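Asks: Shown below is the structure under consideration.
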Amino acid sequence: MDVRRRSEEAVYSSKVFAADEKPLKPHKQQQEEDNTLLIDASDALPLPLYFTNGLFFTMFFSVMYFLLSRWREKIRNSTPLHVVTLSELGAIVSLIASVIYLLGFFGIGFVQTFVARGNNDSWDEEDENDEQFILEEDSRRGPCAAATTLGCAVPTPPAKHIAPIVPQQPAVSIAEKPAPLVTPAASEEDEEIIKSVVQGKIPSYSLESKLGDCKRAASIRKEVLQRITGKSLEGLPLDGFNYESILGQCCEMTIGYVQIPVGIAGPLLLNGREYSVPMATTEGCLVASTNRGCKAIYASGGATSILLRDGMTRAPCVRFGTAKRAAELKFFVEDPINFETLANVFNQSSRFARLQRIQCAIAGKNLHMRFVCSTGDAMGMNMVSKGVQNVLDYLQNEYADMDVIGISANFCSDKKPAAVNWIEGRGKSVVCEAIITEEVVKKVLKTEVAALVELNMLKNLTGSALAGALGGFNAHASNIVSAVYIATGQDPAQNIESSHCITMMEAVNDGKDLHISVTMPSIEVGTVGGGTQLASQSACLNLLGVKGANREAPGSNARLLATIVAGSVLAGELSLMSAISAGQLVNSHMKYNRSTKDVTKASS
């Protein structure tokens, strides 16, 4: 069905007629008015329509069954077929009556519909042109925004004020009355769709599938939202984004996109290679501070980063009738003899998935199984979930009394601070270290080695312990992790466990130089899938040299990205701790992170 076709009510309301002039109606509607005087087949009995139909349907099949039975009996007894009893005669009459009714109700009406449609399928001249235009628009594959380039320019009605639908509010004075919401005029067909969505006739979520144009759907949805809420979305951009690229994988119900500035910190000298680290943030001074840390590391000979573990996790929960049965499955899963079988079942989910181990925990008659597997260059949540489902299906055959409560039961643990991630790790576990010379500490960081060591002990260790921190033994690791994650298309919500970090500082070389390290047990990153395929994020990954999958060594791009994240955190920790030690934190934030500019004017 063409959702953009204008309703009859809209057609009538779109024209202004003179006092003595009647609006033209489609002949189909006029025919319906004329047919009100005709007698239909359903008027055969003074009964409701469904009773009449049911009666004649029952009569038809009952009589047909009776006549067929009698016919078969006559053939079996060699009775002449033309010899008809009174009951058979009544059955024949009933059959003819039911056939006439059913043909009159269904067949003739169906034929009349096509005959009437062939003779009267026309509107008045203006409406026919409008309908033809809409049908031509439906066959066009290009978006409306590109109409001028495709040679199908659409006439646009003059711009006008569109009054938003807002709740009735008490009257206010002229001085307090807000300015009316002004939006660009939509085309006539878009206007009809907007009205249908506002009225609830068309679901907003179905616009992409009905229109076949993601950008146009976002534009219409944005206008609908403005009219319903009465709030302007003028500052939310719509153009300049490929909405087709996010359909079905990144975002639903789109109305635009937000703009986050991206800065560059570096070069970061890590494992003998230089990296320019993209950081998407709205916090002033963050990129500048991280950049200063990179400068200090570079001047001191660079940093070293080591990958300790690489394994994404998923932990389903199953329930048995007794705790004994749950323990039996625990012993079965943890038995090394059975691991190879379970691994083969798990690894069938993907050519990159490789099961590493299964860690079990019992809570009464419930068993939580934490699956750990490598996932190549993908972050791997979907991959490991598919593998877990395969294993659960296999175990269901062996343990018929096993009840699967959920494929994810928080023993993973995803997007939550958890001791299991802090201790066992999740994703990539990385440690990064550097030795900062005394000269660099004084000239670049403007502080002393002893002051940094003391501050780290009292702030990152003692202070965090007093606060009951879980994985938060650092200054601001999440700042750097979030900024790099947004820039490179990672899942920002996984910043929670990815920012687990303990920062250590120690004076070395007779107290002259500073040894600094960050240990991050659960960095969850990928270079394929999710937001990594978006143009901006893909460009940032390309800048780091980790775009896409590594065909020669699967998984190496994601592991390299994890080490870069850890190296960036090291730079950020070094610079912020130095600023606090030197008493520069407040001054720098007042200079770079506090502005008196009118941002609304700048954006307009």
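Positions of Cβ are set from backbone N, Cα and C atoms, glycine also.
According to Swiss-Prot, the protein carries these features:
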- Glu283: active site, charge relay system (ACT_SITE)
- Lys415: active site, charge relay system (ACT_SITE)
- Asp491: active site, charge relay system (ACT_SITE)
- His589: active site, proton donor (ACT_SITE)
- Asn120: N-linked glycosylation site (CARBOHYD)
- Asn347: N-linked glycosylation site (CARBOHYD)
- Asn460: N-linked glycosylation site (CARBOHYD)
- Asn593: N-linked glycosylation site (CARBOHYD)
- 112-188: region 'Linker' (REGION)
- 189-604: region 'Catalytic' (REGION)
- 47-67: transmembrane segment (TRANSMEM)
- 91-111: transmembrane segment (TRANSMEM)
Asks: If you count Cβ atoms within 10 Å of each one, which of the active-site residues Glu283, Asp491 comes out on top?
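Replies: Ranked by Cβ atoms within 10 Å, first place goes to Asp491.
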Asks: If I take the alpha carbons of Asp491 (active site, charge relay system) and Lys415 (active site, charge relay system), what is the distance between them in whole Å?
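Replies: Each residue's Cα considered, Asp491 (active site, charge relay system) and Lys415 (active site, charge relay system) end up 10 Å apart.
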Asks: Between the Cα atoms of Glu283 (active site, charge relay system) and Asn460 (N-linked glycosylation site), find the distance and write it as a whole number of Å.
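Replies: With the alpha carbons as reference points, the distance is 22 Å.
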Asks: Rank the glycosylation sites Asn347, Asn460 by how many other Cβ atoms lie within 10 Å of each Cβ and give me the one with the fewest.
Replies: Asn347
Asks: Only counting partners 6 or more residues apart, tell me which same-chain residues put their Cβ under 8 Å from the Cβ of Lys415 (active site, charge relay system).
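Replies: Counting only residues 6 or more apart in sequence, the Cβ neighbours of Lys415 (active site, charge relay system) under 8 Å are Ala493, Gln494, Ile496, Glu497.
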Asks: What three-state class does DSSP give Glu283 (active site, charge relay system)?
Replies: coil
Asks: Kindly assign Asn347 (N-linked glycosylation site) to one of the three DSSP-derived states: helix, strand or coil.
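Replies: Assignment for Asn347 (N-linked glycosylation site) reads helix.
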Asks: Sort Lys415 (active site, charge relay system) into helix, strand or coil using the DSSP assignment.
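Replies: Lys415 (active site, charge relay system) sits in coil per DSSP, no helix or strand.
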Asks: In whole Å, note down how far the CA of Asn460 (N-linked glycosylation site) lies from the CA of Asn347 (N-linked glycosylation site).
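Replies: Rounded to a whole number, the Cα-Cα distance is 41 Å.
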